[in-house]
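Enquirer: I am attaching a structure below and will ask some questions about it afterwards.
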Amino acid sequence: MQQDFINKNFFRLMMFTLVLGVIFYDLFNMAGFSYIDEICAFLLFILFGINVLRSKNWAFDKIFLLILGIFLFYLVYSLYIGSNSPRAILMDFVIQIKPYLAFFCVYSMRPVLNANQKKILRQLAILFSLYLLLIGTGDLFIKDLMLNILSHTSRFATATSILALLYLYFSDYTKRDKLIFILLLSIGLFSGRSKLFGFLALCTLIMLYINKSFEMKFNIKNTLFLLFAIIVTAVVAKDKIELYFITGGFGGGRGVEDLYARMALYYFSVRIFRDYIPFGSGFASYGTYASGEYYSPIYAKYSMERMHGLNEADPSFIADTYYPALAQFGLVGLFLFFLFWYYLTHKAIISFRKGCQKEAVIAIIIIAFFLIESISDATLTHNRGFFMMMLLGLIFSDIKYKLNTTPLEKVKTYGTDTFSQ
């Protein structure tokens, strides 16, 4: 009975988050209402709390407790060293922990969606992909249409990625479904984002060449298709390729100052890693939204307070990327960040070899998505990152459910079970 309650309400929350927290989020945000992702996070945490309170032993995943402990340590550490005002530190604490809460809350609840619910989510993925296709094609003829609806081209690219992955995960994972996945993902090419081109190429490679032993397997048919896809992508991305490799990254509507702002964030993050060994400069101190909203003193310390997009009057580029923000957590935090993604990748590969091919492949694609996105965006801590982490939590939950309900004689012995019991 309790699991039915969780399953039903998680499905409702997932639909709510997809529609309002991903597809139409920017319309609400531009209208002045920017709290939808916080509402989604609050509702998810409430559902998780109900699940814990109704369980007999109040079971928590050990890794979840460990990550909570790490974040609480950094919270106390930040308050102790005074990395920013207490309000700024608390704001950044919530923003930074939110994606991990999304993952572990879903994983711990272990929701199971039925065939009809999966069909509805597949249909929504197709419907909203067509909606984005209309925006993408319309933007070719109506100036700034994409910007007026989605506020930035990167939002368009990440939305298409989410919808494509959503469709693939709730499909039967046939060759036809994989082709539809690639087609849905290719809608993101209208964004002109270089990361989308790379992500599309990676996904195409994985769909074509990864075999049941998780090894690369080449054949003439798939290679010809891949070459065709590369040619089509090159034609579509001609202007972007010219921008990066001929004009050196300038032009295309982006000024030299904008590129310098991102370069500066990376450059000074190295100095902060070096100067704040081992735990970093603390929450709300560098490269995050909170460090710009409550302007961090560290920017003046490193003479960044007059740089374009990084000054107190215009901090628009302070949270333009994610990796530099890891300087807040120091070398220890940097190690733990990549250890987390390595841990998930390792578990996904193990589950792949145990028979969970679809789940493992999509999990690895999502991990790759975040590692690529974090180069030049803070998607992980944004609304779309929140939904993607919910989906990733559901995938690993399904992996554990599938392995636990599979007869032992059908399970290969390639390592330990997924996550702690």
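Any Cβ shown, glycine's included, is placed from N, Cα and C.
TrEMBL lists these features:
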- 9-27: transmembrane segment (TRANSMEM)
- 33-51: transmembrane segment (TRANSMEM)
- 63-82: transmembrane segment (TRANSMEM)
- 88-108: transmembrane segment (TRANSMEM)
- 120-142: transmembrane segment (TRANSMEM)
- 154-170: transmembrane segment (TRANSMEM)
- 182-210: transmembrane segment (TRANSMEM)
- 222-238: transmembrane segment (TRANSMEM)
- 325-344: transmembrane segment (TRANSMEM)
- 360-380: transmembrane segment (TRANSMEM)
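Show me how these features fit into the structure around them.
Expert: Non-local neighbours of the transmembrane segment (33-51) in the same chain are 2, 5-6, 9-10, 13, 16-17, 20-21, 25, 98, 101-102, 105-106, 108-109, 382-383, 386-387, 390; each lies 6+ residues outside the stretch with a CB under 8 Å from one of its CB atoms.
A Cβ distance under 8 Å defines the sequence-distant neighbours of the transmembrane segment (63-82), meaning residues of its chain 6+ beyond its ends; these are 89-90, 93, 96-97, 100, 104, 107-108, 279, 281-285, 329, 333, 336, 340, 343, 419-420.
Within its own chain, the transmembrane segment (120-142) has Cβ neighbours under 8 Å at 14-15, 18-19, 23, 113, 149-150, 156, 159-160, 163-164, 166-167, 170-171, 184, 187, 190-191, counting only residues six or more beyond its boundaries.
Long-range contacts of the transmembrane segment (154-170) within the same chain, counting only residues at least 6 positions beyond its ends with a Cβ under 8 Å from a Cβ of the stretch, are 18, 22-23, 25-26, 113, 118-119, 121-122, 124-126, 128-129, 132, 135-136, 146, 177-178, 180-182, 184-185, 187-188, 190-191, 193, 195-196, 199, 358-359, 362, 365-366, 369, 373, 377, 379, 384, 387-388, 391, 395.
Proximity of distant same-chain residues to the transmembrane segment (325-344), defined by a Cβ-Cβ separation under 8 Å and at least 6 residues beyond the stretch ends, is recorded for 63, 67, 70, 74, 83, 92, 269-270, 272-273, 276-288, 319, 363, 367, 370-371, 378, 392, 396.
Listed as Cβ neighbours of the transmembrane segment (360-380) (distance under 8 Å, sequence separation of 6 or more from its ends, same chain) are residues 99, 154, 158, 161, 165, 168-169, 195, 198-199, 202-203, 206, 210, 214, 262, 288-289, 319-323, 325, 341, 344-345, 348-349, 351-352, 388-389, 391-392, 395-396, 399.
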